[in-house]
Structure formats: structure tokens, C-alpha cells
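Written out below as C-alpha cells is the structure these notes cover.
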């Protein structure tokens with residue numbers, strides 16, 4: 001077997017065999033555990049519930065209804081007359097009507113407070129492709145980007161794996177709700193300089209994944225001023241722009257650039273990554289967008305986009321749907337309402353058993369605080385707790401360490417990729433796990449919390465002796481899952 005591995009490595013490239021992909025991180029290992037034992041209400045009611053998938057399935061019925069009412073929007077139905085034109089080779093600039101519809105949709109998701117030029121819209125194969133393409137445009141192997149942590153685990157794949165760049169965390173702390181501070185940004189930059197690492201830019205995810213929080217104007221202005229002062233790029237990943245379900249509203253970096261006091265900024269250093277995967281719930285369509293204020297970057301990204309184009313059929317369909325302003329307005333309004341309702345239901349269910357989450361107003365997930373359940377404040381203890389949740393409680397949640405969080409005990413848990421019934425089953429499992437059954441318990445909420453703290457504040461393994469020989473996701477032979485956000 002060793003000979004086979006050595007032989008394989010010798011005939012493949014270093015890029016193909018390096019470990020920068022991040023596939024073996026706990027974030028993706030949770031996916032493997034789910035794949036090996038997926039929950040189904042009838043076929044496998046005791047299976048693992050997928051709560052590691054940041055997917056928005058709450059409004060797909062609205063899209064289905066639109067398709068039924070607009071059969072000409074698809075070449076598979078009444079739009080068949082357009083089949084030949086769509087099947088032919090297309091310029092990688094993209095269909096003009098598609099780019100126009102995307103620009104208009106980006107404006108609507110930002111409250112109509114900013115305008116986007118369709119000529120600056122560049123296509124890519126999902127946000128994954130868009131993020132990698134923008135890095136290829138801006139940096140060389142060995143260069144680095146600063147990224148506030150905790151941050152999306154698959155950035156290692158999207159931004160590092162094939163580009164050869166480094167990611168340097170800007171450490172944020174729970175003491176101020178993980179807000180980005182000027183001090184932390186400066187410290188990360190200066191440490192890189194001392195190590196002779198060339199910093200080419202800073203990457204913001206706004207709204208944040210995994211925090212589900214939005215950045216205020218002051219923070220955006222501060223970061224923008226810093227990047228301009230040091231002549232480095234600012235890449236804003238805004239793929240969760242329309243997932244805001246509570247105040248404060250989302251503020252795009254494009255809005256900051258439009259403000260009078262920021263006219264001195266060099267717009268050539270600012271770039272936006274967008275997608276329809278989260279806001280519309282269409283990750284399978286693989287629609288990623290690069291929007292740059294730099295002409296050279298637009299031209300370069302457009303040439304590179306030939307490696308990851310959006311299919312013409314997809315462009316045709318989306319151009320029709322997103323051009324329906326009445327539909328878009330209703331969709332965005334209904335999506336925000338449903339996300340808010342689901343978030344409230346889920347977080348209230350956690351609060352009943354004393355589990356708190358970081359206060360958030362956006363996203364498809366919560367940043368869940370399980371620090372009281374750790375035996376000790378270490379990442380080893382976090383991983384032990386995570387294994388119990390995966391193998392015993394049968395929930396795939398993502399440990400904070402995979403998001404480069406510096407404090408053990410935080411977990412990202414997704415709530416928008418399932419129906420109401422599955423959410424309730426997940427909450428019931430959590431209640432059983434912490435020893436507080438809602439049914440038959442007539443004590444007050446405060447008494448429940450006190451009892452929970454008394455009995456379960458420090459996770460005891462005496463009743464659930466964890467046998468390391470039990471299948472661990474880390475050693476699972478299950479093939480890798482599709483690596484999605």
C-alpha cells in the first residue's frame with residue numbers, strides 16, 4: 001500500500017497532492033459523517049442531521065411558482081424556440097441581459113442605495129470560482145491576504161490551494177462580539193511585515209460567515225482607509241447580502257465608496273465577490289460574480305472566467321427571472337421574513353436549555369456558544385465535544401477551530417437548509433443531550449437553566465463513555481463530500 005501511495009505521488013503534480021485543499025479538516029469531516037448516515041424522517045430517523053450546510057431552502061417554492069407562471073423563461077418548456085441560439089458558443093463576457101439583470105439584482109439586495117455597472121459584472125463558477133479568480137488577478141504565490149477570524153473554512157481551498165497565497169488571520173475576540181478593531185488589523189499587518197511576508201490585500205466577509213453579523217459604516221471606513229493607506233487591495237465577499245432578517249441593515253462597500261468623505265479613496269483597490277447561492281438559494285446553478293472598480297482587474301478576470309463560465313441556459317433563465325421586479329421584490333421581502341422566523345424559532349429552542357448564540361442579524365446560521373460544555377478550555381476538549389455531537393447526538397455542526405477561531409467552544413450551526421420538522425427534531429436531540437426534556441417539565445425557564453448548569457455545565461463522559469474506536473469522522477473511509485459553503 002505504501003508503494004502505491006508513493007507511486008501515485010510520483011506521477012501527480014505537487015499541486016494535485018498537496019494538503020492545502022483543507023479536505024481533512026473537521027469542517028469537511030462532519031460532511032463525511034453525514035454522508036455515511038444521512039437523516040431521513042422515514043427511511044433513517046436516527047441518522048445524522050445536516051447542520052453544517054449553509055444553504056437557503058426556505059424560499060425555493062417561490063421560484064418554483066415563478067417557473068410555473070413563466071414557462072418561456074426555460075428552454076425546456078415554452079422557451080424552446082431559443083434553444084439553438086443558446087446551445088451555440090457564447091462570448092465569455094456573458095449574455096448582456098444576464099449581466100444587466102445581475103447588476104439590477106445587486107442594487108436591490110443593497111436597498112437601491114447604490115448602482116452597479118453591468119459592464120463590470122464578470123461571471124465565475126460560483127463564489128468559489130469568483131474568489132479564486134480574484135486572487136489570481138491580484139497576487140502571486142507566496143503573497144498574503146489578511147482575513148478577520150473566525151472565517152469560512154473553505155477559504156483555504158478557494159483562496160490558497162491553487163493560487164499559492166497565504167492567509168493571515170486578524171484575530172477577533174468574543175469580548176467585543178468578534179468585532180474587527182483597528183488594533184487587530186494593524187497587528188496582523190505588522191507581524192506579516194516582520195516575517196517578510198508581502199501582504200497584497202485584506203478580505204472581508206460581510207455579512208460574516210460564520211458570525212451572521214453585518215459590518216457597520218465606521219468599521220468599513222476604517223478598513224478601507226487602512227487598505228488605501230498601505231496601498232493594498234480590499235476584497236469584499238458579500239454573498240450573504242440579502243440574508244439580513246433584522247436590524248441593522250446591510251451596508252455594502254460600494255455604498256461607502258459613494259460617500260462624499262471617501263472620494264479620496266483609490267477605487268482601483270476595491271473588489272466585490274457576489275453569488276446567487278445564498279441570497280436566492282441556488283448553489284447548484286454555480287453563479288459567481290466578480291465586480292471590480294478596476295478596469296484592468298475586470299479585463300483580467302474576464303479572460304480567466306473562460307475556465308468557469310455560467311452555462312448559457314442558466315444565464316437565460318436567471319435573466320428572465322431577475323428582470324421580473326415584482327417577483328424579486330416579493331422574494332427578498334419573503335425571504336427575510338422566513339429567515340427571521342426560523343432564526344427566532346431555533347435560537348429560542350436553544351435558550352430553553354441555556355445555550356446562547358452570538359447576537360446576529362443575518363446569514364443562514366448561528367454562532368453557538370458551547371463553552372460551558374467543555375471539560376476544559378482547550379481545542380482538544382472542543383474536538384471531543386464535537387465528536388460526541390456528531391456520533392452520539394447525531395448532528396453535524398462545525399467546530400470553531402475549523403474557522404480559525406482562537407477561543408475553544410464556539411460552533412457554527414445552520415438552520416435554513418431543512419424543513420420545520422427536521423429543525424424540531426434537531427432541537428429535541430439537543431434537549432436530550434443537555435438533560436432537559438421539555439415534555440413533562442413544568443419548571444420555569446430560569447429553573448431549567450439552573451438545573452442544566454448544575455448537571456451539565458461540565459460535560460461528563462461517565463454516562464456516555466466515548467470509545468475512540470467508534471468511527472470518527474476524522475478517520476472515516478467515506479469518500480469526500482461535495483465541498484460547498
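Just so you know, glycine gets a Cβ as well, placed from its N, Cα and C.
As annotated by Swiss-Prot, substrate binding site applies to 55, 92. According to Swiss-Prot, the N6-(pyridoxal phosphate)lysine annotation covers 278. Taken from Swiss-Prot, the feature phosphoserine applies to 460.
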For this session: Specify the count of other C-beta atoms within 10 Å of the C-beta of the residue listed as 'N6-(pyridoxal phosphate)lysine'.
Result: 26
Seminar exercise, completed: Within 10 angstroms of the C-beta of residue 92 (substrate binding site), the count of other C-beta atoms across all shown chains comes to 16
For this session: Quick one: pull the CA-CA distance for residue 55 (substrate binding site) versus residue 278 (N6-(pyridoxal phosphate)lysine), whole Å only.
Result: 6
Exercise. Where the residue listed as 'N6-(pyridoxal phosphate)lysine' and residue 92 (substrate binding site) are concerned, what is their Cα separation in Å, rounded?
Worked result: 24
